[in-house]
Amino acid sequence: MRRLLRRETLGRDAVAGVVLGVESVPDGLASGVLAGVNPLAGLYAYLFGMAGAAFFTSSSFMAVQATGAMALVVADTDLASRADPDRALFTLAMLTGLVMLIAGLLRGGRLLRFVPTAVMTGFVTAVGVNIVLGQLANLTGYESDAANRVLRAFDLVLHLVRVDVPTTVVGIVSLALIVVLTRTPLKSFGLVVAVAAGSLLAFATTLWFDWDVATVADIADVPSGLPAPVVPSLDDVAYLLLPAISLAFVGLVQGAAVSAGVPNLDGRPADASRDFVGQGAGNLVAGVFQGMPVGGSMSASALIAAAGARTRLALLFASAVMAAVILFASGVVAFIAMPSLAALLIVVGIGSIKPAKVVSVARTGAVQIAVMAVTFVLTLVVPLQYAVLVGVGLGIVMFVVQQSNRIRVRQVEFRADGRIREIEPVEVVPAHEVVVVQPYGSLFFASAPVFEARLPRVAPTSTGSVVILRLRGVDQLGLSLVEVLRRYAVDLRDRGSALRLVVTTEEVVSQLRHGGVTEVVGDDGVYRGTEWLGETVRTAHRDALAWVAARSG
């Protein structure tokens with residue numbers, strides 16, 4: 001703590017905290033709107049999520065807030081169907097925190113290895129589109145009853161004459177101000193100024209022209225104090241478990257993006273699992289104090305770093321600023337116009353769409369394009385908690401398919417001068433010869449058919465030969481591969497030839513024995529490798545030459 005309270009960093013942390021705290025007030029309300037819940041739940045999530053996670057993440061500047069992707073998952077969870085929707089929301093945040101905490105302690109950050117860039121690009125792009133489409137109703141005042149955001153957007157286009165003019169005017173003015181002001185020296189403060197200006201416009205036109213523009217006060221009572229702690233609804237846990245797992249995964253991915261994009265000042269590498277623990281702590285605190293689920297926010301983390309923060313204490317300053325606004329300016333918060341918040345969210349949604357990233361993925365091949373497109377479409381048309389899990393499953397399937405098709409087989413040739421070289425393998429095992437084969441790639445159940453197809457084929461003419469299969473570095477085979485080897489050994493034996501295996505672990509020997517391979521090749525047909533490279537395969541090669549010579553004479 002003494003290191004955090006140093007005089008040379010305290011001032012800069014305070015300034016950065018004020019910048020993020022002020023900017024987070026409209027952002028927090030907007031996140032609640034995006035999630036379809038009480039906007040105050042978004043505000044409280046920003047406040048308590050940042051404070052709760054500040055000292056637990058490995059990334060010093062990770063601001064844990066209610067992100068757009070997480071808000072959309074909440075919106076698709078149908079909390080309104082629960083007996084107490086508000087309490088179900090807080091329970092969801094706490095349950096998400098618990099899942100994150102457990103996964104982080106179990107080193108769940110390693111799961112990121114199984115998420116392809118194509119899946120995440122499709123998901124993030126669709127989230128951006130969903131954010132924009134989801135706010136068209138608040139921007140225009142036209143409420144469609146279509147089934148999903150895409151259909152509601154088409155319905156709006158077909159019924160433009162039914163948009164609410166006052167609401168649309170305030171929304172478009174706010175949108176224009178955000179675009180203009182964020183390109184001035186105001187930068188992120190331009191968001192605050194634009195939302196304030198749009199809200200003032202709504203207030204003035206209501207006063208002068210009797211326009212009716214929705215404000216935060218129209219959909220929620222804004223108290224002048226901090227929320228009291230609540231306990232979770234145990235009856236809702238089973239219903240909320242799947243959304244909580246989806247939210248946890250979204251938080252993991254977004255947290256990793258923050259770690260990569262906003263590095264620690266001391267150069268210390270981030271730990272994805274510890275960041276997961278920190279986000280879990282933030283969710284637990286946010287849920288207890290009536291907030292919605294939270295995760296690592298790239299925009300907020302980048303903002304506080306750019307504002308000059310030197311330590312994680314800046315996050316506490318930001319939380320303190322938000323608390324002060326709630327305590328002393330709740331009346332101002334109540335008059336914030338909903339179209340202005342919608343405009344803010346639309347800008348955020350558009351900003352999260354990265355055309356360069358999409359083009360980069362598209363250039364990598366047809367498979368990547370297909371995976372990205374499927375993830376994108378799913379995220380648009382099905383509830384996000386399912387789209388997230390399908391995306392993860394798609395990533396795992398894609399990984400398995402790629403690994404299973406990357407099997408290469410090379411033939412090892414021993415030269416008379418003692419040198420060894422690799423060449424393309426023969427297509428058919430020739431008669432009365434020794435063929436040494438070296439596979440490369442991941443040998444597991446899914447790659448077994450590919451591996452079998454790439455081995456030299458055993459033909460009726462493949463008599464009196466020996467095929468040596470060098471499996472150096474292979475620690476596990478699995479039943480599918482063992483069966484491939486057994487069939488190959490039987491085919492060779494039936495032609496009067498033989499299979500020899502060079503392995504490096506006793507576990508592989510045990511698998512060969514239990515799979516019936518050693519019954520065909522014999523115990524002496526399995527060679528144990530040593531620490532000396534090439535020694536065992538040379539021994540097997542000499543023995544095979546003698547075996548062939550004995551049967552050729």
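Positions of Cβ are set from backbone N, Cα and C atoms, glycine also.
Annotations in TrEMBL come from automatic prediction, not curation.
These come from TrEMBL:
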type	residues	note
TRANSMEM	43-68	transmembrane segment
TRANSMEM	88-106	transmembrane segment
TRANSMEM	118-137	transmembrane segment
TRANSMEM	157-181	transmembrane segment
TRANSMEM	188-209	transmembrane segment
TRANSMEM	237-262	transmembrane segment
TRANSMEM	283-309	transmembrane segment
TRANSMEM	315-348	transmembrane segment
TRANSMEM	360-378	transmembrane segment
TRANSMEM	384-401	transmembrane segment
DOMAIN	424-544	domain 'STAS'
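With a cut-off of 8 Å between Cβ atoms, the residues of this chain six or more beyond the transmembrane segment (43-68) that come close are 20, 24-25, 27-29, 31-32, 34-35, 93, 127-128, 131, 227, 250, 254-255, 258-259, 262-265, 268, 270-271, 274-275, 277-279, 281-286, 288-297, 300-301, 303-305, 309, 311-316, 318-319, 322-323, 326, 333, 345, 348-349, 352.
Proximity of the transmembrane segment (315-348) to the transmembrane segment (237-262) is not established, fewer than 3 Cβ-Cβ distances being under 8 Å for residue pairs spaced 6 or more apart.
Same-chain residues lying 6+ beyond the ends of the transmembrane segment (237-262) with a Cβ under 8 Å from its Cβ atoms: 57-59, 61-62, 67, 69-70, 73-74, 76-77, 82, 88, 91-92, 95-96, 98-100, 103, 108-109, 111-112, 115, 120, 270, 272, 275-276, 279, 283, 293-298, 301-302, 305, 384-386, 388-389, 392. Through the fold, the transmembrane segment (188-209) approaches residues 19, 22-23, 25-27, 166, 169-171, 173-174, 177-178, 180-182, 215, 303, 335-337, 339-341, 343-344, 347 of its own chain, all at least 6 residues removed from its boundaries and within a Cβ separation under 8 Å.
Just going by CB pairs under 8 A, the stretch in 88-106, 157-181, 360-378 that sits most against the transmembrane segment (118-137) is 360-378.
With a cut-off of 8 Å on Cβ pairs spaced 6 or more residues apart, the transmembrane segment (360-378) and the transmembrane segment (384-401) reach 3 or more such pairs and are scored as touching.
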